[in-house]
Each structure stands twice: as C-alpha cells, then as structure tokens.
Amino acid sequence: MDNEYKSGFVAIIGRPNVGKSTLLNYIIGQKVAIISSKAQTTRNKIAGIYTTEEAQVVFLDTPGIHKPYNSLDEYMEKASFGALNEADAVWFVVDATEKRGGGDNFIIERLKKIKNTPIYLLVNKIDLIKKKNDLFQAISSYTVDSLDWSEVYPISAKSGEQVNALVDDVIEKLHPGPQYFSKEQITDHPERFLVAELIREKILQLTEQEVPHSIAVVIDSMKKDGVNEKLHIQASIVVERSSQKNIIIGKQGNMIKRIGQLARKDIENLLGERVYLETWVKVEARWRERPQALQELGYNSKQDL
Ligand SMILES: Nc1nc2c(ncn2[C@@H]2O[C@H](COP(=O)(O)OP(=O)(O)OP(=O)(O)O)[C@@H](O)[C@H]2O)c(=O)[nH]1
C-alpha cells in the first residue's frame, strides 16, 4: 500500500482561448486565473494549488502561445515554455470545436523535446460537440501524426465532465513529495496581482477591439486605516493612447464606474472583506514595446520565469 504523501507540478499549455484558465478555476474552485472570451487573457504564469489529504498538485497556467510580435508577446512565450521545465506532468489543451492548426503544431514540436514527463492531450469543450463522430474526428486529428500522448482525455472545463477523473489520474502518477504550500493557499501569487488581474478582466469584458491588449493594471496601494475600516485599494489602469483612456473612462465616467463596481465585487469575494476601490487611467505611450516599462508594470522576467 502506498501511504506516502505525493506532490508535483502540472503545466497547462495550449493555444489562446482553448480553456486553460477555465480548467484551472474548475479544479481549484475559486477564481485564480482570469477568464474572458478574448484571446491572450492570461499574461503571467499562475499557480493554482490543489491540496487533498493524499496529495498536493501545483498547477502552472501558461499564457497562450503564438508567434512573438512584440516584447510583451516574447515575455509571454518565455513564461509558457519556462513552466514546462518545472513540470512533473504537462497538460496540452486543445479546443474540440477548432481545427488543429499551425499554433498547435508549433506547441507539439516543442513538446516533443520533453523527455520522461507524462504529456496529456486534453480535448476541451466537448459540451459543444453534438455528434459522437465529430468528437472522434477532433480527437484523432490530434493523435494521428502527432505525439505519443501518455493519456488522452475529452473534457469540458465548463461543466467539469471528466475533470475529476483527470485530476485523479495525474495524482496517481505523481511521486512522493512534500506539501509545498499550506492547504488554505490556492495560489502563490501575491494578492495584489490577483486584484490587478480582476480589474483587468472587467476591462477585457466590457471594452472592445483594440483596447484590451493595450492595458495593464498596477496596484499602487492596498491598505486599511483601522480594524473596522474597508480595505482601500488604489489602482492605475495604464493605456497606450489618450483615445483609449477616453474609452475606458466612458461617457460621464460610466465605463470606469462599471469596471470598478464589478471588480470590487470580485475582489471582496476573493479577499473576504469590504473594499473601497479607487482607479486612475494613465497614458503610457507604447508600453508594450519597452522592456523597461514592462518591468515597471510588473511583467518581471526574472521574478516570473
Ligand atoms: N462551452 C465551453 N466553453 C469553454 C470551455 N472551457 C472554456 N470555455 C470558454 O472559452 C473561453 C476561453 O477560456 P479561457 O479559460 O480564458 O481560455 P485560455 O486558454 O485560458 O485563454 P488564454 O488566457 O487566452 O490563453 C471562455 O469564454 C470560456 O468560458 C468548455 O469546456 N466549454
């Protein structure tokens, strides 16, 4: 009988928008990675921590992979492949409703270089597939002329179908190891980071087109003046052009108000306390192309890779 405590790292990788963050959130049961229907939502490697009496699994959620375009994209790509080197297992997630494409092949080629680590194929969004044959075709497009997957799981990160079996399976394959984090901890990122991500999530959800990729959110301060006081959070929303600033502020400040209201609700749920949220919108021309600006805005390669 094997009573030893097990632990390990599982990297979740895949093209943008395939449902990696949704899967992580389903498993952890709390909002640790932000979700939106716009691609490239996840920028930093986020560890979700799943702890049971028998095992602890640290999940590394990686930014979606695509061809590097600017400094920020390069940073995102490095973060994704960096996570693979720390992993005891890799979950490659694909979208059952999308055809296998160049982006998938690019990742598959990189995955081929990994030795001695179980690599799973997760065919996600099966709740959207109506015909059995369509699912069969989706799966076989990733199994033929591809990697020799350790396991193949058709799943739905949204409804949770097959997700528990998948988690049990990966735990089964982990080696004995220590419990790295306390059982209450669900992520290793500081609260500030999660708070900033929740604000960014609301902007992504409420604005359209060019604005989303040109924003960063920085938490300037988080403090409490007294025991019974609300937690006072000051946040800056950084954009690249003044036209974007106008969009985020909205007519008579309506947009920024709405962003603040929705973000505050989620932040209060996350932290379990009342929050007073103050936001400013700042213009920083071309911040995505300047490594210095990326560092200042918290995309610190030394710290995060
Ligand atoms: N129907 C359905 N939708 C899903 C499922 N999983 C994810 N989605 C949706 O797909 C979209 C993208 O999900 P995310 O979890 O943000 O995808 P991601 O892979 O983390 O995206 P990036 O952060 O851009 O890399 C969201 O609108 C999700 O609600 C699923 O199993 N079924």
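Cβ coordinates come from backbone N, Cα and C, glycine included.
Checking TrEMBL for region 'G3' across the ranges 61-64, 97-100, 101-104, 289-292 points to 61-64. In TrEMBL, the annotation region 'G2' applies to 40-44, one of the ranges 40-44, 130-134, 250-254. Record note: among 14-21, 238-245, 14-21 is the stretch given as region 'G1' by TrEMBL. Within the set 116-119, 124-127, 200-203, 220-223, the record from TrEMBL flags 124-127 under the feature region 'G4'. In this structure, N17, K20 are the binding-site residues from N17, K20, I126 whose C-beta falls under 6 Å of some atom of ligand 1. The highest number of surrounding Cβ atoms within 10 Å, among the binding-site residues G14, N17, K20, I126, is found at K20.
Looking only at the region 'G3' (61-64), the predicted model's pLDDT averages out at 58.
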